[in-house]
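These features come from Swiss-Prot:
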- 17-24, 95-99, 149-152: GTP binding site (BINDING)
- 8-297: domain 'tr-type G' (DOMAIN)
Amino acid sequence: MSENHKLSYVRNIGIGAHIDAGKTTTTERILYYTGVSYSIGEVHDGTTVMDYMKQERDRGITIQSAATTCHWIKKDDCAEQASQKEQEYKINIIDTPGHVDFTIEVGRALRVLDGMIAVFDGVAGVEPQSETVWRQADKYAVPRICFVNKMDRIGADFFRCVQMMKDRLGTKPLVIQLPIGIEDTFKGVIDLVKMKAIVWSNEDLGAKYEYHSIPSNMHAMVEDYRHQLLETVVEVDEEIFNSYVSNEDLSEADIRKCIRKGAISGLFVPVLCGSAFKNKGVQTLLDAVVDYLPSPNDVNSIKAVDVKTEQEISRKVSVDEQFSALAFKVINDPFVGSLTFIRIYSGKLQTGSTVINTTKNQKERISRMLLMHANNRKDIKEAVAGDIVALTGLKSTTTGDTICSLDSQIILEKIEFPKPVIELAVEPKTPADQEKISAALVKLAAEDPSLVFTVDSETNQMVIKGMGELHLEIIIDRMKEEFKVEANVGAPRVAYRETITQSYTVDYTHKKQTGGAGQFARVKIIFEPLEVGAGFQFESKIVGGAIPKEFIPGVEKGLEEIKESGVVAGYPTIDFKATLIDGSFHEVDSSVLAFEIAAKNAFKEGITKAGPKLLGPIMKVEVISPNEYMGDIIGDLNSRSGVIQSMEPRGNTQIINAYVPLGQMFGYVSTLRSLSQGRAQYSMVFSHYEQVSRSIAEKIQAKDKK
């Protein structure tokens, strides 16, 4: 079998969802049924394979994306399939966090994966982080299948969950399984492709399951959903469509072919159900992974930039192409040091070879290559297109970098990282901890690009910035556990931003004469607001040599640096454009540095007069509460400047959706616990930046002046 043909039996998938929807439990069952694990780990016992960090086992949540490889031989009683030789599929799985503070782990995993299992809580349905993960998958056009989990739980409602997928995710769910029973009577599923019931044994940890005829009380419903299934899927294949409208019977293989085609193209999303904790539905989920999610061969050619020509090119995902890969994660392993996870897009990679990091123009030697199973590892000598492996000892490579062969150098599309929304001041408990803190943060930031740390040049105070309170709490924990560094931690602070609301043109001259060589630079810059999310843009419209082109990078550099300290309260300035339209220079006294200084002073003057405003992060908050506490909870959200968007009943509880400034949400978990006697719960995700009220802006400016 050729290497490229083997690729058709590889699946690179992620498992993602809202916290507590059952992602890690589902993954643990997959590892058990595929023979990777000989016992089933449980989140509540702290014995899971995929959650291997101490903080993960202590808290019962997934923090880092753990990678593992398993193999699956599909069990099939379909005559067309059974006559063929059984084929083993290689499945590379990345289990991602569901907590909003670790969204970056989800994003960078999706960037290198070909497909995703979206796990939904059968009781809660589509939750806020489910939406966030879904939008990230949309961004990278990752094909998905859905698994409605926890069908054994009180309040589980498969059909409500499917409707929520339509309403909240804007997707087209394709139901390919129906639950048999509900809550404590749930015992299996109806397979709408085979038109058979599948029932799991309560013994052998669900390893055995049998096919039965469809229960008589479900015939009408099954026929209805089967009709909907066929009407949807035949649209993707003209030949099969013609057979269908001619009333010819469609084979299972035909139906699967159509589902696969539609799922990979994103026309619809197959929906399955089960209970991972009760060991029901996982084997059929694995079958769906190999049937309906793409192999590397199904992925379109990758886009890249040729280093020599700087032109955009495409490269086939093939073993026959030159080697290229993207580094999507770096971790520090206590036994082997730095581990760099890569997804190989083309060609082959052998240990002992030399490659080039084209992002940084640095050569790297591949001394050791590992297949990872959570924190266990297996040495390998060669990896090929489609593989996800870990490399040890890379000196220059960090997350988002491209590595490729020396003979054909390209740069792949980078991974985008979210900006921090919260910060903490940290200081060493003892002078001896000062250097250790810096060293620890350098290593942690290399692993996690959403972690940023800075040192105030005036106070020498160190500030760490991240995606939420839990994110920074975990960082402090890891500094203590892994690096033996004790730190005093300040109260959390919001990472505000600044922007402008109107255009303003500045004509600024920087002139300095101190005997000897002087400094001279004149710049004329238009500062204008941009739409939300546009960031910073610089454009030069200099013509006729008013400013020599070698000095223009100095203007851009000056603006890039100064925009990080805005004029309102010292926060980064975003969503504006600076257009250099004129200027002048001196033959002797002008320099790149002089134009850098001129640009910085022009920024201070121009932004001050362009209607500067302070922006704060707004969070989308979902609160689930028993009816009797609704009044107090809504009153509290209103007192936090919250805007209630909707309220919807769910059994004897209510779901409140609101937008609330992050600065008003610190310590909310304690307040909510007190208001509801511990019975309500909440989750929140970052939504957008919004102008803060005048009173809050004045408070922040007053703090800044102290």
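Note that Cβ sites are derived from N, Cα and C of the backbone, with glycine treated the same way.
All features noted in Swiss-Prot, drawn onto the structure.
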residue : record           : DSSP (3 states)
Ala17   : GTP binding site : coil
Lys23   : GTP binding site : helix
Met151  : GTP binding site : coil
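For Met151 (GTP binding site), the same-chain residues 6+ apart in sequence whose C-beta sits under 8 angstroms from its C-beta are Gly122, Phe158, Pro179, Ile182, Glu183, Phe186, Cys273, Gly274, Ser275, Lys280, Gly281. By the criterion of other Cβ atoms within 10 Å of the residue's own Cβ, the least surrounded of the binding-site residues Asp20, Lys23 is Asp20.
Within 10 Å of the C-beta of Ala17 (GTP binding site) we count 29 further C-beta atoms, all protein chains included.
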